[in-house]
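Here is what TrEMBL says about this protein:
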DOMAIN    1-186  domain 'Mannitol dehydrogenase N-terminal'
BINDING   A3, V4, H5, F6, G7, A8, G9, N10, I11, G12, R13, G14  NAD(+) binding site
DOMAIN    201-351  domain 'Mannitol dehydrogenase C-terminal'
Amino acid sequence: MKAVHFGAGNIGRGFVGLLLHEGGYELVFSDVAAPLVDAINAVDRYTVREVGPGGVDTVVTGFRAINSAENAEELIDEIAGANVVTTAVGPTVLRFVAPHIVAGLALRDPSSPPLQIMACENAINATDVLREEMKVAAGGAWDALEGRAVFANTAVDRIVPAQPEGGGVDVTVEPFFEWAIERGPFGVEPPVIPRAHFVDDLAPYIERKLFTVNTGHATAAYFGAAAGSDTIAAALADDTIAGRVDAALRETSALLEVKHGLDAEELARYRATILDRFRNDVLPDTVWRVGRQPLRKLSRHERFIGPAAQAIERGLGVDGLLDAISAALAFDDVEDAQSVDLQRMLRTQDAASVTAEVTGLEADHPLFGRVEAVVAARQQELGAGADA
Ligand SMILES: NC(=O)c1ccc[n+]([C@@H]2O[C@H](COP(=O)([O-])OP(=O)(O)OC[C@H]3O[C@@H](n4cnc5c(N)ncnc54)[C@H](O)[C@@H]3O)[C@@H](O)[C@H]2O)c1
Ligand SMILES: O=P(O)(O)OC[C@@H](O)[C@@H](O)[C@H](O)[C@H](O)CO
């Protein structure tokens, strides 16, 4: 059995690749970072090192890597003969991997079992997004190719920090993990991934994960950055920040309870587990990694506006989430292109246009005016926006 995994980065090596290896798949990583591809091909094993309570080391073998920018034909051949394709490249990169998968499907023997495709990104229904990108890439050939693949959405949870420069292929991760995968699309033959679990309805899992782990994580990152903390653990050690993260997560839990019928006590335990994970002070995870790409994180269906919009539509409180959104607007990292864009927008556009452009909220949505007020307050702090 063979799996092709796009994105040999943190979660790619530290989680998805590891579980595919445990499932018995021969593993082909695809990446565009030449030094990383070379480093992977220079070794025949790497270690996934869990740090924190109960952490163990696991060795991964049976892999190779292909630079898709240089050896597209080789990659397409691998996809044509694979059982599984996974991605962990970032939601905005899916459109760039889609043409390779389409080309692989075109070469695939139509009588072989369908290619099982799962995007493992932090986004609602990322595999559906990938499928749409593949449809665009295939154009008129899509009708003939679609039946050669099945598509399952997934929710992937493990904190994998940025790895040290020059640190090789080994990966440091937290001990916790969860991988929930839609069962339905596979029929009677789901992929063999022993430590993943297959569920009939992914919606509660992905929203619980994105709107708790990722909302809380980003809230800690943005308040931490503003307070001068470098790591998530250091940010959470500040009781004021911990309280503000807790306030935002109580609101997302209230939404999950109403929307998906999740149990309030179980949600409280889930929140507590997650906050413990964030406090893991031997995991070197920075506020800069976790806060990365604030424009993506502030977009319509993401970890802040997604739950806040749905909460306010149901008459639920959103003050804690608006507080977190305010902190996100202050995220100023000159090395993050989206942070630079966000700060420029705050300085040059009026509050209504920043709100519309960044959040994608409709002007008549009940959340719009609340966010606009937060944006205006931030612009006042910056002494900007008024003359735009
Ligand atoms: N790190 C985590 O804790 C974590 C946990 C769960 C989910 N995720 C999600 O997984 C995805 C990847 O996150 P990450 O932290 O591993 O990031 P990362 O930057 O470490 O890894 C992404 C990799 O994708 C590669 N890449 C970029 N364009 C590519 C292309 N066109 N083809 C092939 N590879 C390409 C990059 O070179 C990089 O090696 C994101 O969607 C993220 O939200 C991350
Ligand atoms: O990957 P992002 O940028 O969507 O979010 C940053 C972190 O919150 C994220 O990578 C978490 O570590 C991960 O989602 C934990 O499962």
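One is the number of the first residue shown, and numbering goes on along the chain from there.
Cβ coordinates are placed from backbone N, Cα and C, and glycine is handled just like the others.
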> Secondary structure at I11 (NAD(+) binding site) (DSSP, helix/strand/coil)?
Replying inline: helix
> Out of these binding-site residues, A3, I11, which one has the fewest other C-beta atoms within 10 Å of its own C-beta?
Replying inline: I11
>> For a Cβ distance below 6 Å to any atom of ligand 1, name the binding-site residues from A3, H5, R13 that qualify, or say none.
In response: none
>> Between G7, G9, which of the binding-site residues has its C-beta surrounded by the fewest other C-beta atoms within 10 Å?
In response: G9
> Cβ distance under 8 Å to R13 (NAD(+) binding site), same chain, sequence separation 6 or more: which residues?
Replying inline: F29, Y46, V48, V60, V169, V171
> For H5 (NAD(+) binding site), which residues in the same chain are close in space, meaning a Cβ under 8 Å from its Cβ, but six or more apart along the sequence?
Replying inline: G12, V16, G17, L20, L27, V28, F29, S30, V85, T86, T87, A88
> Taking every residue in the domain 'Mannitol dehydrogenase C-terminal' (201-351), what is their average pLDDT?
Replying inline: 98
